[in-house]
Structures are given as structure tokens and as C-alpha cells.
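These features come from TrEMBL:
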TRANSMEM  26-45  transmembrane segment
TRANSMEM  52-70  transmembrane segment
TRANSMEM  90-115  transmembrane segment
TRANSMEM  127-146  transmembrane segment
TRANSMEM  152-173  transmembrane segment
TRANSMEM  185-204  transmembrane segment
TRANSMEM  216-239  transmembrane segment
TRANSMEM  251-269  transmembrane segment
Amino acid sequence: MDIQQTLFDLFGRRIAESGTYGVVEYIVYGAVMLALCFFVIFPVLDRRGIKFNAKFMLALLPYILLGSALRVLEDMRILPSSWNPLEPAYYLVTPGIYLLIAAVAIACLFISIAISKCLKKDSLKTFAAIGLILALPVTAFELLSFKAWPGFLAVIALVIAITGLLVLAFRLLRLQLLKDGLNQLAVASQALDGSATFVATQFFKCGEQHPLSGAFLDLLPISFIIVKVALVLLIIYYVDREIKNENLGGFIKVIIAVLGFATGLRDVLTLGVGTCL
């Protein structure tokens with residue numbers, strides 16, 4: 001039996017042929033990514049003294065934008081795609097793009113720390129600047145290619161409204177959960193993912209790749225946004241209450257924000273460039 005062919009049949013054929021994920025791919029890819037995050041990335045960065053807070057998340061955003069923008073170039077058929085991990089194009093689609101951007105971001109973080117030690121500068125500002133230099137050319141190209149500005153702007157308006165109203169409501173109720181900047185970013189990320197998917201599938205011709213998301217959209221489209229925002233609020237509440245290691249708690253929130261912003265930015269850029277028309 002050809003092992004490579006068997007693995008492709010199990011984990012790649014459905015995605016390659018239909019562009020959608022099955023339950024098996026969803027669980028396996030998710031488990032592998034979480035294992036890498038918590039057993040490799042977190043211990044390495046934690047030992048280096050990296051603090052996972054709102055400032056770190058903001059510095060990381062350009063790298064997330066880079067990954068999403070590269071993924072959209074594949075959607076536009078400008079870059080090739082592959083489901084073979086031995087081919088470079090594999091690292092331009094999910095899950096390979098996550099591995100590529102994680103490697104780039106970690107390498108740039110270490111470079112930023114080294115540069116900042118020499119120049120006596122803030123390492124996170126250097127880290128963010130390098131990310132912007134990498135992300136802006138690709139993003140600018142896509143913005144100049146936009147064909148669906150109304151859809152793009154509708155998503156941005158929804159995200160601002162949802163996040164702003166939640167922060168205001170929690171403040172009026174004197175609840176502390178959304179006073180923290182990282183918590184606000186985590187909520188905004190999932191609001192972006194939910195809003196982009198909702199607008200793209202309900203008002204344009206994009207489909208949903210993930211089975212669980214598709215089930216909510218089929219049941220009641222607006223429920224997808226509600227469930228995502230409610231779930232992230234529950235998770236960050238649990239983390240703040242139960243996780244005693246503050247840096248680990250921050251890392252969990254960063255993972256939530258990365259997942260939301262990565263898929264949300266990809267979806268809203270895909271919507272903007274006209275792939276869903």
C-alpha cells in the first residue's frame with residue numbers, strides 16, 4: 001500500500017477536490033496545531049521571557065495579515081497550491097500556511113530581540129515593524145485589486161459595532177472581563193471571523209469550508225456570529241478565573257486571537273478582491 005497515497009486520501013483529497021474540510025481533517029489538523037503550540041512554541045518563548053499580552057498581540061498582527069494575504073493570493077490563483085507537504089505550495093494553504101507564518105514570526109521575533117539589544121530599542125516595536133514591511137506589499141496589491149468594497153466595509157462596520165457595544169456594555173455593568181486589551185482583541189478577532197463568514201456566505205457566493213461552522217450557518221446564519229462571540233467570552237472568563245499561570249493564560253488568548261484574525265482577515269480580503277462575486 002502506498003502510504004503517501006493513503007494519507008492523501010484520508011487528509012487531503014476532500015480539501016483538494018472540494019475545498020472543504022471533513023470532521024477527520026478538522027480534528028487531526030487541530031490536534032497537531034494545538035500540540036505544537038502548547039508543547040513546543042509556548043515553552044520555547046516562555047523560557048525566553050516573552051510576555052503574552054495585548055502589546056505582543058498587536059505586534060503579531062502584521063504577521064497574521066501576511067499569512068492571510070498570501071492565502072488570498074492562492075484564492076486569486078496568482079500563487080499555486082498543493083496538498084503535498086514536500087512541495088513549497090503546501091505552505092500557502094491551510095494547515096501549511098500556519099506552519100510557515102509561525103516559523104517566520106518566531107524567526108523575526110528572535111531577530112528583533114537581537115537587534116533591540118544592540119540598539120537599545122523596544123523589541124516588540126522592531127518585531128511589528130519587520131512584520132509590516134513583509135505584509136504591506138502583498139496587502140496593498142490586494143487592496144488595489146478590490147472589487148467588492150461594500151462587502152469589505154460591511155464586515156469592518158460589524159466588527160467595530162459588535163466589539164464596541166460589548167466593551168461598552170461590560171463597562172456600564174461594571175464587569176471587568178473586557179477591561180483587558182488582550183481580551184478585547186480576542187473578542188474582536190472572533191467577531192471578525194464570524195462577521196466575514198456571515199457576510200460572505202449570506203450576501204455573496206462564498207461557501208464555508210468547515211463542517212461545524214457550516215452547520216450553524218445552515219441552521220440560523222446570524223447564530224454563527226453570536227455563538228463565536230459567546231464562546232470566546234466564556235473561554236476568556238474561564239482563563240482569567242482558573243489559569244493561575246498568567247503567561248499561559250495570555251498565550252491561550254493569543255491563540256484564540258490568532259485563529260480569529262487569521263481566518264477573518266483571509267475571508268474579508270477574499271470578499272474584497274471579488275472571489276465571492
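Sequential numbering from 1, following the chain as shown.
Yeah, the Cβs are placed from backbone N, Cα and C, and that goes for glycine too.
What TrEMBL says about a protein is an automatic prediction, not a curated fact.
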Contact between the transmembrane segment (185-204) and the transmembrane segment (251-269) (3 or more Cβ pairs under 8 Å, separation 6+): yes
Distal contacts, the transmembrane segment (52-70) - CB-CB under 8 A, six or more residues away: 45, 79, 92, 97-98, 100-101, 104-105, 108, 124-125, 127-128, 131-132, 134-136, 138-139, 142, 180-182, 184-185, 247, 250-251, 253-254, 257-258, 261-263, 265-266, 269
